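Participant: Here it is: the structure, laid out below.
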């Protein structure tokens, strides 16, 4: 009886091999998912450039090596646009410095108070000239954000004065003084900051820099009036979408989880608006928007917030009108100063269809260079060997490198002689 019982409870020799095979298949599946999600098989490459072959563009590309050399993100996660974007959104930057600046307050005609932070250079510029970078951050951002602090510190050390706009309503400790806050394309506060810099530093030349939504604002500002381009050496725009009207449809798609990002940004906008509910919806002699906050509380997309709240700050009759009037796509062709437009192919917020706008512009206008990196996400552009990113990003280096090249070009240009 013992022999049959023993055989009944004896594990077949094939079973361990089967379990080992299942483990191997599970490990292989996990590795496959990791490789796909982290995009590990994607190659690294120099940015894809669109530009006209002019002496200036040849000089800029030769003098700013970041535009022609391979951009290498951190090996294990840097090829994922989502992780690059998430790290920017959560941490901003690694080991962010704390540059010391002075906050300025500018009264506006409608009763609003614009604020910006002014940071003096930490040494002479390499050309000996007085150069000021006028900087417009991304949506709901300000001078205290880590990515702004990192860039300002880097620019200061290279001899640039920096003026950083604080979007109206973005700073949590600054109360609104009128029933209005920043919108997608309103240039009033940025124009006030630029005007102050021009008056206060009559010898300074300007470098205009815009990040994400700030890129839309600065390009629209320069294209609205040719006088806005006076004393401007160049402009750099990073990770903007160019047309809100064309972007709104893509933000409702689940491709690249864009609908999820739309929800997160809408939730952040709701928090900013509700933090100023008294200034915006009550307690003011002039009310520009309805008091009903129901649509705001239930909104799950930026488009719903824009339609119910944001467009009303400037009296737009419809969401379509608001997006058309506030998008730089209708003004950017008027910009004649050297213009560098930077985007990332794996930016989960900017659909690839929107990139035909800068690509077509760069092919038509000799002053424009369009740089499209394979990786970088939305305002990420982290660099590093394997796991840990460096404090400075490719984005920081390319903006300052391009600015330095423009200053060098202006310095070596022969003076214009009037006959």
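Backbone N, Cα and C atoms are what each Cβ position is placed from, and that goes for glycine too.
Sharing the features that TrEMBL gives for it:
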| type | residues | note |
| --- | --- | --- |
| ACT_SITE | 212 | active site, charge relay system |
| ACT_SITE | 347 | active site, charge relay system |
| ACT_SITE | 378 | active site, charge relay system |
| DOMAIN | 132-385 | domain 'AB hydrolase-1' |
Participant: Quick one: pull the CA-CA distance for residue 212 (active site, charge relay system) versus residue 378 (active site, charge relay system), whole Å only.
Facilitator: 8
Participant: Have a look around residue 378 (active site, charge relay system) and count the other CB atoms within 10 A of its CB, chains all included.
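Facilitator: Around the Cβ of residue 378 (active site, charge relay system), 25 other Cβ atoms lie within 10 Å.
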Participant: So what sits near residue 347 (active site, charge relay system) in its own chain, CB-to-CB under 8 Å and at least six residues off in sequence?
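Facilitator: The list for residue 347 (active site, charge relay system) reads 81, 85, 239, 376, 377, 378, given in order along the sequence.
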Participant: When a 10 Å sphere is centred on the Cβ of residue 212 (active site, charge relay system), how many other Cβ atoms does it contain?
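Facilitator: There are 22 of them.
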